[in-house]
Each structure stands twice: as structure tokens, then as C-alpha cells.
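Asker: Handing you a structure now.
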Amino acid sequence: MHSVLSGIHLVTFDLDGTLIDSVPDLAVAVDRALDDQGLSPRGESRVHDWVGNGSRKLLERALRDALGEAPSVALHDAAHEAFLHYYAQAPNVRTRLHPGVREALDALRERGMALALVTNKPHAFIAPILDGFGLFDHFGLCLGGDSLPQGKPDPAPLLYAAAHFGVAPRESLMVGDSRHDIEAGRRAGFRTLAVPYGYNHGEPVASSCPDAMVESLAELV
Ligand SMILES: O=C(O)COP(=O)(O)O
Ligand SMILES: [Mg+2]
């Protein structure tokens with residue numbers, strides 16, 4: 001096992017960008033929502049840098065980019081509703097698991113580690129996506145961006161997970177791809193591990209100084 005796991009009893013994982021490459025399906029739903037409003041598509045490469053603060057923020061960033069100014073509340077609400085509708089129809093068509101994810105989750109589960117998923121994505125999408133990969137049952141707890149009043153980078157969801165499993169924060173590890181994951185982990189008193197292949201607003205996640213980094217989650221186990 002990787003040394004970052006020594007003394008760890010709970011591992012919490014981020015979803016988008018860490019376990020899955022979800023931008024292909026996210027971008028389709030964003031672009032369909034924009035099209036409903038007569039706005040031109042933004043495409044995957046831009047959406048890539050807008051993921052990480054939940055779906056409302058994703059749509060706000062897309063609308064701002066398409067309009068050249070901040071959207072009205074009514075437009076933001078309408079586009080977000082449309083996005084939720086389109087994404088719910090096809091959350092797992094072109095989404096792929098990152099290499100090493102299945103091996104890592106299987107091995108951690110076999111070793112009796114408590115596993116939690118803490119994403120800023122709306123909770124409703126977690127089960128359909130994880131089920132599609134046969135991984136939903138690996139997690140003893142799944143929290144979405146709308147599960148609690150605060151999402152990452154607030155430490156609240158991580159502290160909730162630690163309390164749920166009765167594990168001390170210092171015996172817990174947050175695994176993520178973005179500065180929001182590393183900040184939430186640090187503020188919660190968790191150890192932090194980052195992967196470099198995900199979504200971090202176009203910046204290297206190493207700048208957030210995680211306790212450790214791995215190229216692939218396979219290195220964990
Ligand atoms: O919905 C998002 O913005 C990203 O969610 P994540 O926390 O799983 O990266
Ligand atoms: Mg992420």
C-alpha cells in the first residue's frame with residue numbers, strides 16, 4: 001500500500017475528474033441547455049475548466065462565457081433546469097472510468113477500508129453513474145453538492161463523512177483532482193492526495209500542496 005494510507009481508516013473520493021472523465025457528457029448537456037436559449041455551444045475543452053463547484057456554477061460560467069456578461073437570475077435558473085434535464089437523460093454515455101480506479105476501489109474495500117464519495121455534483125446523479133460502472137456498492141456513504149448546506153471547499157461534507165463512520169479526521173484521507181478537494185481536506189484535518197489528470201480550472205493541482213500525489217489510483221494499492 002502507498003505510504004499515504006498508513007494509519008488511514010476512511011478514504012473519501014471526489015467523483016468528477018478523479019474517478020471518472022465526465023466532461024464529454026457534461027458538455028453535451030451544457031451545450032443543449034445553451035442551445036435552448038439560442039446560445040452557441042462552448043464545447044468540451046472549455047467545460048473542462050468550469051467543472052468543480054457544482055452544476056449551478058458550471059452553468060453560470062458557461063452562460064457568462066456565451067453572453068460576455070453575467071446572466072440574469074431567470075436565465076441562469078432556466079439554463080440550469082435544462083442542464084439537469086438533459087444530463088439526467090444521458091449522464092453515462094461517453095463518461096469513462098479513469099485507469100486504476102476499479103483496481104484501487106476493489107483493493108481498498110477488500111482491506112476493510114471505509115469508503116465515501118464526496119462530490120459537488122448534484123446527489124441525484126451519483127447512483128446512476130456509479131451503478132453504470134458497478135461501483136455504487138463500494139461506498140458506504142455518498143454526498144452530493146446539495147446533500148448539505150455547504151459543499152467543498154468547505155470541510156463540512158468531509159467532517160460529516162468522518163463522523164458517519166466514527167473515524168477521526170487525522171485517520172481519514174481525501175482523494176481529489178482540484179484545489180477545492182485539497183482545501184476541504186486540509187480544513188477538515190484529513191490527509192490529502194491529488195491526481196493530476198482531472199479538472200482544476202486549468203491549473204496544476206500540485207499548486208495546492210497536497211500531502212501526496214499519484215499519477216494513477218492504481219499506485220495507491
Ligand atoms: O459538479 C462538479 O462541479 C464537480 O464535482 P466533483 O466535486 O465531483 O469534482
Ligand atoms: Mg473533481
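Cβ atoms here come from the backbone N, Cα and C positions, even for glycine.
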Asker: According to TrEMBL, Asp14, Asp16 bind Mg(2+); identify which of Asp177, Asp211 is listed for that same site.
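Answerer: Within the candidate list, TrEMBL flags Asp177.
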Asker: Mind telling me which of the recorded positions Asp14, Asp16, Asp177 has the densest Cβ neighbourhood, counting other Cβ atoms within 10 Å?
Answerer: Asp14
Asker: Rounded to an integer, what is the Cα-Cα distance in Å between Asp14 (active site, nucleophile) and Asp177 (Mg(2+) binding site)?
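Answerer: Between the alpha carbons of Asp14 (active site, nucleophile) and Asp177 (Mg(2+) binding site) there are 7 Å.
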Asker: Around the recorded Mg(2+) site, report the further residues of that chain (criterion: Cβ within 8 Å of the mean position of the Cβ atoms of Asp14, Asp16, Asp177; site residues excluded), sequence-ordered.
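Answerer: Neighbours within 8 Å of the Cβ centroid, excluding Asp14, Asp16, Asp177: Leu15, Gly17, Thr18, Leu19, Val51, Gly52, Thr119, Gly176, Ser178, Asp181, Gly198, Tyr199.
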